[in-house]
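For reference, the structure is listed below as structure tokens.
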Number of protein chains: 2
Amino acid sequence: MERDLVDWLQKTLPPHPLLRVGLGDDAAVLSLRQTADLVVTTDSLGDGSHFLLNEAEPRWIGHKCLAANLSDLAAMAAKPVAVVVSVMLPRGHADPLALAKGLYRGMLPLAEQFETIIAGGDTNVWDGPLTVSVTAFGQPTDRGALLRSNARAGDAILVTGELGGSITGRHLDFTPRVAEALLLHQRYDLHAGMDITDGLSLDLSRLCAASGRGALLDAAAIPVSPAAQQLAAADGTDPLHHALSDGEDFELLLTAPRETAEAMLRESPVECGLSIVGEVTARPGMEIREADGHTTTLEPTGFWHG
Amino acid sequence: MERDLVDWLQKTLPPHPLLRVGLGDDAAVLSLRQTADLVVTTDSLGDGSHFLLNEAEPRWIGHKCLAANLSDLAAMAAKPVAVVVSVMLPRGHADPLALAKGLYRGMLPLAEQFETIIAGGDTNVWDGPLTVSVTAFGQPTDRGALLRSNARAGDAILVTGELGGSITGRHLDFTPRVAEALLLHQRYDLHAGMDITDGLSLDLSRLCAASGRGALLDAAAIPVSPAAQQLAAADGTDPLHHALSDGEDFELLLTAPRETAEAMLRESPVECGLSIVGEVTARPGMEIREADGHTTTLEPTGFWHG
Ligand SMILES: [Mg+2]
Ligand SMILES: [Mg+2]
């Protein structure tokens, strides 16, 4: 099976000038240009936790597994260079080879879009459920990697796009905010950043903890997605709660000086949209200013794989 | 759980001058020296396929998962630089945090031994069995990466150590042949190399295929491990069959010009031992010369995860 897949991949994967040795040896060899820093991230996704193999097409599962890792490179404002992919296929599957090809068919267009080498991989058949583990490498720009730990009191807190309700589909078919992160980090003086994978409130609490700061969110300013509105209408909950806690938004969470953030909104340089949703505070802990003007403590709640 | 583990890892992982940003951000940032090539390999290991969680101590499982990846760097004669680790812990486990720490406790001494940064990771709890996915990066020496595809007709075929029977214990507690590979590649004119993970006959067939060559093995010269002898005595099979097919030896399979190989044996530069086990042939296909002088076709058989 692995041999057949490697044969197929060797025919299917496009060549790349930086890929000196690709699939078929013990490891891949990448030829990096004069490089200072290399950004590396890894994420494993499993059937039943991050996707449902009996509901989602393999190519969307593959797309998600690659996109989630590229989103972590975007979170660092790093330009993707390459990924390696490790797949464990369920032995009971009717056609493991077709499943594996389907996963790669979902990854290939995304890799091409972001000029990312699929440099190698490992494929096993086992008695457990499908897992896909991707490791992605990128290179920061001249401005360096965008970290979580550099938010400053008084910074505006920004998010790209709209939040909540990704379970209705977006968690599978999203485009990682790689281009947006590179553009924004290049053009503006961003202080801190990460991607929103586990819900705005939980991820913001992590950014605050890494920076030794707190946050005051403005409820009315949080961009609630139509999907979150629909979910809330269906289950009688608050759409804002979905936007704060659903997770798998794969949007960017950024901080920047107030005047920079206002320039970003004015100039509107990214199609996905940008919102100022609050402010970094000197005092740790999170609060939210409700629509009625009341400010209450915000507990980090979110979707936590673990 | 992941937060607790990350806290523990941040206290436990040693600092490293090349690790600019470690655990706790979206990705790790490695600061590589002026680098030409980067060697990357990935391997996922799962409970029931590569180890048995109810029989092996977590630290030996962790050791194996890291060692298997370092063995692939050794196979390329690349010096290890860093690894990232992605773990999926079984939800039903009595103490997932202790399990995760146990895995890392197995990896830490090995990482230290080979000056390898544990640069980051991802930890999930899920409904499937334990899987550990490691991606390792290395840098080739000035002599470049050692590939499978460069074996030449007339080359001697060498192996390190002894083969077969690793299931009795060595598949868990082996030391990857990193130091040996670097030393041999530096000192001798090696043509091709890989590590033996799926059995000598199957892995040699891959090396031959990659090089467009064949092989003639000398049965009497194959170093059969005591474990293989014991297994054969117990199950009434041929010890040689174990040495050819058992897999998970994690020894090096090398080719070099005959006179070079003889110098290697004479000078005996590695403690694990070296044997010349046959010769690369111009004609594809594998044969084996039996002890009685007869030569028969050798079919690649081995342990194939897939
Ligand atoms: Mg190998
Ligand atoms: Mg992230």
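Cβ atoms are placed via backbone N, Cα and C, with glycine included.
If you check TrEMBL, you get these features:
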BINDING   B:ASP26, B:THR41, B:ASP72  Mg(2+) 4 binding site
BINDING   B:THR42, B:ASP43, B:ASP122  Mg(2+) 1 binding site
BINDING   B:ASP43, B:ASP72  Mg(2+) 2 binding site
BINDING   B:TYR104, B:GLY121, B:ASP122, B:ARG148, B:THR197  ATP binding site
DOMAIN    B:24-138  domain 'PurM-like N-terminal'
DOMAIN    B:176-288  domain 'PurM-like C-terminal'
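Positions of the features from TrEMBL, shown on the structure.
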residue  : record                : DSSP class
B:ASP26  : Mg(2+) 4 binding site : coil
B:THR41  : Mg(2+) 4 binding site : strand
B:ASP72  : Mg(2+) 4 binding site : helix
B:TYR104 : ATP binding site      : helix
B:GLY121 : ATP binding site      : strand
B:ARG148 : ATP binding site      : coil
B:THR197 : ATP binding site      : coil
Within 10 Å of B:THR42 (Mg(2+) 1 binding site) (Cα to Cα), which of the binding-site residues B:ASP26, B:ASP72, B:GLY121, B:THR197 do you find?
B:ASP72
Where the criterion is a Cβ under 6 Å from an atom of ligand 2, which of the binding-site residues B:ASP26, B:ASP43, B:TYR104, B:GLY121, B:ASP122, B:THR197 meet it?
B:ASP26
Hey, how far is B:ASP72 (Mg(2+) 4 binding site) from B:ASP43 (Mg(2+) 1 binding site), Cα to Cα, in Å?
9
Compute the C-alpha separation of B:GLY121 (ATP binding site) from B:ASP26 (Mg(2+) 4 binding site), stating it in Å without decimals.
10
Please go through the binding-site residues B:ASP26, B:ASP72, B:GLY121, B:ASP122, B:THR197 one by one and keep those whose C-beta falls under 6 A from any atom of ligand 1; give the result in sequence order.
B:ASP72, B:THR197
How many other Cβ atoms are found within 10 Å of the Cβ atom of B:TYR104 (ATP binding site), counting all protein chains shown?
23
Which of the binding-site residues B:ASP26, B:TYR104, B:ARG148, B:THR197 has its Cα nearest to the Cα of B:ASP43 (Mg(2+) 1 binding site)?
B:THR197
Just counting, how many other CB atoms are there within 10 A of the CB of B:ASP43 (Mg(2+) 1 binding site)?
25
Which of these binding-site residues is closest to B:ASP26 (Mg(2+) 4 binding site) if you go by CA atoms: B:TYR104, B:ASP122, B:ARG148, B:THR197?
B:ASP122
